[in-house]
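*Asks:* Let me begin by handing over the structure; questions about it come next.
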Amino acid sequence: MADKYDVFDQLGELENTLNTTLTQISGIRQVLEASMTENATLRMELEKLRDRLAEFEKKEVKKETPKDQPNPNLIQIFNEGFHVCHLHYAERLAEGESCLDCLELLYR
């Protein structure tokens, strides 16, 4: 009779261990899904940036911009929500964020 109780105790421990493992697996799955979503977003942004770069390379701008006016290409990239400063170049700006390094580069 004591052996049956031991089996039940062991089954209870196994059940607890499996529940803990299942919780850990669910957490790992959520982290993986978030990483995959972020990866897909970053790949799309990278593709758009590469397309833009290809457009700029095709167009050979022969006009020189005056020194007192910022580079219109950098302004356009900045207005589309990307950093143009050397510290965070091509990283997406957060909603409503304004980077002092970018602004200094554009308007010095």
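Indices start at 1 and increase along the chain as displayed.
Just so it is clear, glycine is given a Cβ too, placed from its N, Cα and C backbone atoms.
Pulled these features from Swiss-Prot for this protein:
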- His83, Cys85, Cys99, Cys102: Zn(2+) binding site (BINDING)
*Asks:* Whose Cβ, among the binding-site residues Cys85, Cys99, Cys102, has more other Cβ atoms within 10 Å than any of the rest?
*Replies:* Cys102
*Asks:* Using a 10 Å radius around its CB, how many other CB atoms surround His83 (Zn(2+) binding site)?
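*Replies:* Excluding its own Cβ, His83 (Zn(2+) binding site) sees 19 Cβ atoms within 10 Å.
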